[in-house]
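In what follows, a single structure is set out as structure tokens and then discussed.
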């Protein structure tokens with residue numbers, strides 16, 4: 001279990017993050033770098049660093065919380081990652097209670113003292129949950145989502161609610177009804193979406209880890225744009241209870257962290273069957289942390305025999321040359337680590353995007369019908385019922401949500417159902433079968449997480465089709481219900497320090513364990529590469 005792992009290095013005088021040597025060049029190597037760390041230490045885990053420092057009394061939970069709040073106050077005016085930040089006194093009270101428990105010798109959970117951000121479409125009982133929409137402005141749920149409840153029970157401290165595209169419908173956070181989040185690597189660029197606030201918050205170290213949701217890539221694309229690790233679990237691995245429904249057959253709650261280890265630890269914390277969600281799986285949750293071996297214990301070919309398939313269709317025309325170069329470099333590195341890498345073809349891959357937008361829009365038109373000003377949502381002033389319904393929705397929903405509701409309603413209407421919705425479901429079956437065949441012959445599949453690095457704010461806001469096309473790398477995984485891990489693998493030109501590129505690893509259903517193992521080894525053998533954005537690189541903690 002987590003508590004049995006050896007502790008990592010002590011924290012710096014700003015007790016948040018492990019120190020790193022300054023580097024300017026990213027290189028891939030299969031050789032283990034020299035290290036003075038304990039031989040069984042899983043490197044680069046902020047969560048384990050925090051736990052060790054708390055239990056050895058090197059730092060208090062209150063100091064950790066105050067340090068995060070200080071950084072958040074400094075960076076938030078530039079980024080706008082959060083729609084709501086918890087009251088500082090409440091956060092410090094939670095931290096002080098943890099300190100009291102530790103001082104009295106009580107056992108604390110594996111997330112004790114870990115500061116967590118939560119996407120604002122995931123319900124929290126003690127702070128607003130708006131879904132990024134005016135229709136829910138000021139709404140405070142009466143309960144915590146199951147994932148949030150588990151985090152709190154394990155000692156995690158929720159520091160705030162992160163920005164998103166309204167109800168998860170978007171790829172940039174520009175569709176948020178309240179504000180646009182900036183990318184920590186270049187504040188003139190988007191952080192991705194719809195979980196852009198959660199990704200930016202982890203990238204800027206405003207929190208240790210965060211929760212997002214992924215319906216068609218909303219965890220993985222922002223992870224790529226912001227240079228952090230993002231994990232979309234298998235559909236059913238994590239309870240959706242308390243997640244505001246967008247497309248119920250596609251939605252999953254996912255995780256962000258600055259390392260594979262932290263992302264895996266967070267996934268372990270929130271996974272498992274939930275009687276409040278009939279779609280949650282009863283499969284046993286493995287100990288993901290057991291896959292996080294120290295780099296000092298790795299063989300020269302630690303992934304020997306692993307079969308990796310590079311999806312040919314993801315490296316075709318329309319993908320930036322810098323992204324293609326980074327992914328091919330990552331594939332070469334996997335070969336150096338002992339993998340057998342081959343190029344494979346998924347002929348149905350290009351069908352995923354149109355099928356996804358038909359299915360997701362259709363489901364959203366049904367799910368969002370509840371926001372009528374009577375059952376849910378802010379109510380407009382009107383003289384009669386039909387006007388009340390119409391005005392509440394017209395004033396409450398933004399243009400992107402309205403467009404998708406209209407598309408979905410059209411696709412489900414009489415005379416068009418067979419031509420659109422039914423046909424899209426048939427395509428979904430084909431995609432599932434093609435992925436199963438490919439994963440029967442390969443242990444994992446790899447691709448870019450997005451066709452490009454982060455682009456400028458406003459660049460695609462007037463061209464929705466171009467924005468939708470950016471989801472081509474990710475939507476198929478949701479249609480097939482599979483897990484996928486995105487981790488930074490290199491840079492392309494842009495901004496003042498380059499822009500990060502994410503490698504997507506796709507696994508078989510409920511095989512997150514293998515993805516985390518491969519991702520952790522890949523990450524630890526990525527030398528001279530520091531994914532710390534310019535916004536905070538002068539921070540003394542680094």
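Just so you know, glycine gets a Cβ as well, placed from its N, Cα and C.
Heads up, TrEMBL stuff is auto-annotated, nobody curated it.
For 65-516, the entry in TrEMBL reads domain 'Amidase'. Per TrEMBL, the feature active site, charge relay system maps to 119, 194. Per TrEMBL, the feature active site, acyl-ester intermediate maps to 218.
Across the structure, residue 119 (active site, charge relay system) and residue 194 (active site, charge relay system) place their CA atoms 9 angstrom apart. Around the Cβ of residue 218 (active site, acyl-ester intermediate), the number of neighbouring Cβ atoms within 10 Å comes to 35. Cα-Cα distance from residue 194 (active site, charge relay system) to residue 218 (active site, acyl-ester intermediate): 5 Å (rounded to the nearest whole number). There are 33 other Cβ atoms within 10 Å of the Cβ belonging to residue 194 (active site, charge relay system).
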